[in-house]
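Novice: According to TrEMBL, the protein carries these features:
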type	residues	note
BINDING	257-261, 298-305, 396-398	FAD binding site
DOMAIN	5-143	domain 'Photolyase/cryptochrome alpha/beta'
REGION	517-538	region 'Disordered'
SITE	329	site 'Electron transfer via tryptophanyl radical'
SITE	383	site 'Electron transfer via tryptophanyl radical'
SITE	406	site 'Electron transfer via tryptophanyl radical'
Ligand code: FAD
């Protein structure tokens, strides 16, 4: 490319300066660089009908996290002699308009495997190539190039973590240090008539501010991400001994894991830089844990789900998804609402759902418990419905990882031991017998004696009165009886698995309908969900 031309750096994820090959390339031999972020109504338009403040796709906590990340990015760009140009509208249209108006010769953006960006990028790339604009779109959101792994595997994604590891090997970039700082950026060129704004506030986007009590304690941005990374790896013993799923899901004052997921989601932290920092720690330790349980192993889980998600048509739904078991889940909106609104009557489950709403983050095992409870453990509600709630409320909401884990937890794919169910009563008790986590997120139960905190409906009326929490009035009775619900769920899953085996992956809508009818006819009246609901315990 001739020197003296302009580049457009399109930020979407990858909201960072360190290890950002697209930004580095944009800066090379350009006399001006336009760093652009487009506020996309698809994710950001307020939805007054949503079940909590936010847009239809993102809760306000994640929107705020993104805005904080943009403010931080803008401030870093300014230190390098540039700034962030914020525009609003359909990103494809906005970018094409900017390319034309600014006579851009080079367009740089991080490659994105999410279906939404795949479709968007085709449109923009088509325009750019017809207009003779160079496009540079490197893989830097993940450790590996998903397409390369799929190609190595004969065109299909590996479906187990171990086979993924074998195919992946060592990342090609890992042997040399990554570029983590920039000393300078070319200035921003003339922006012409394009409508540029500063990073908006949540109010300017049309949202009401929410109280501090409802806000996530995690602040967005690359500066926060790097600070958190440094704090996480300071204790080298902790890094070397990290072993998941060990770790306390009820720890909230000091979470048992890094809480770097929201920063990885938006690319405020490079997963490659995180990986390199971890391997540097390992080099100086006598011993360290290994995948799948180590911290590096966690990053590899992330890449695993990215690869399977990228190579599996309809990965985010049951129908038409060849790796997903076809199961006659129910569509019970009442049960779904009880789960989503933390009204199941099981304090462990409800406390986790409150943490989701308020913090947008929960420990991995806490996510296991509520996902299992909604689907194969107790309520038998479709995993896609739970996925939607997580997708909207998590600040680390990530298309590939979220769908992958919901497929896993609902025993629809990857994991098939549907007899192994998390108890909504005893699982949390193992870690937190006093129920401190429950008391924090469900203050209505704060005075319930520890003997009853996981099963408050068993507390005698006098104890409930003393604790100022009458079950059925101040806090709900259990929405289902766990003991009968698990039996029902297991029975349904056994039948569904048998059907999937018999029809060898070609279960139709009609087959599922028939099975649903049969399951209803065979239903044990004692464990019928609606009856179980009516004769609630307590
Ligand atoms: P750490 O244990 O410190 O791990 C470091 C990083 O490794 C994480 O930040 C994350 O990027 C990655 N990682 C860890 N566990 C997993 C995993 N099981 N699968 C893939 N990557 C992993 N994680 C998301 O980032 N976004 C989601 O939308 C998401 N949805 C989930 C839904 C369900 C039902 C379940 C069970 C898990 C989900 N997870 C999701 C995975 C996991 O729970 C979180 O990544 C993790 O709890 C984040 O906390 P951390 O950063 O402290 O993790």
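Along the chain as shown, residues are numbered 1 onward.
The backbone N, Cα and C atoms fix where each Cβ goes, glycine too.
Given the structure is predicted, the values throughout are model-derived calculations rather than measurements.
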Novice: Highest CB neighbour count within 10 A among the recorded positions 301, 329?
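Specialist: Within the set of recorded positions, the most crowded position is 329.
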Novice: Tell me the Cβ contacts of residue 397 (FAD binding site) under 8 Å, same chain only and six or more apart in sequence, or just say none.
Specialist: 58, 62, 265, 390, 391
Novice: Under 8 Å Cβ-Cβ from residue 257 (FAD binding site), six or more apart in the same chain: what's there?
Specialist: 244, 247, 298, 363, 364
Novice: For residue 303 (FAD binding site), which of the recorded sites 329, 383, 406 has the nearest Cα in space?
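Specialist: That would be 406, nearest by Cα distance.
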Novice: Running a distance check here. Ligand 1 versus the recorded positions 257, 261, 303, 305, 383, 397: which have CB less than 6 Å from one of its atoms?
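Specialist: 257, 261, 305, 397, by Cβ distance under 6 Å.
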Novice: Where residue 305 (FAD binding site) and residue 406 (site 'Electron transfer via tryptophanyl radical') are concerned, what is their Cα separation in Å, rounded?
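Specialist: On Cα coordinates alone, these residues lie 11 Å apart.
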Novice: Suppose we draw a 10 Å sphere around the Cβ of residue 383 (site 'Electron transfer via tryptophanyl radical'). How many other Cβ atoms does it contain, all chains included?
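Specialist: Counting Cβ neighbours of residue 383 (site 'Electron transfer via tryptophanyl radical') within 10 Å gives 26.
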Novice: Taking Cα atoms as reference points, which of the recorded sites 329, 383, 406 is nearest to residue 259 (FAD binding site)?
Specialist: 406
Novice: Please tell me which one of the recorded sites listed here (329, 383, 406) sits closest to residue 299 (FAD binding site), measuring Cα to Cα?
Specialist: 406
Novice: What Cα-Cα separation, expressed in whole Å, is found between residue 383 (site 'Electron transfer via tryptophanyl radical') and residue 329 (site 'Electron transfer via tryptophanyl radical')?
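Specialist: Here the two Cα atoms lie 8 Å apart.
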Novice: Expressed to the nearest Å, what is the distance separating residue 329 (site 'Electron transfer via tryptophanyl radical') and residue 406 (site 'Electron transfer via tryptophanyl radical') at their Cα atoms?
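Specialist: That comes out at 14 Å between the alpha carbons.
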Novice: Mean pLDDT for the domain 'Photolyase/cryptochrome alpha/beta' (5-143), rounded to an integer?
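Specialist: Looking only at the domain 'Photolyase/cryptochrome alpha/beta' (5-143), pLDDT averages out to 97.
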Novice: DSSP secondary structure for residue 257 (FAD binding site), reduced to helix/strand/coil, please.
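Specialist: DSSP call for residue 257 (FAD binding site): coil, neither helix nor strand.
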Novice: Hey, how far is residue 406 (site 'Electron transfer via tryptophanyl radical') from residue 301 (FAD binding site), Cα to Cα, in Å?
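Specialist: About 14 Å separates the two Cα atoms.
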Novice: Looking at Cβ-Cβ distances, which residues of the chain lie under 8 angstroms from residue 261 (FAD binding site) while being 6 or more apart from it?
Specialist: 361, 396, 398
Novice: Reduce the DSSP letter at residue 305 (FAD binding site) to three states and note it down.
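Specialist: SS state of residue 305 (FAD binding site) = helix.
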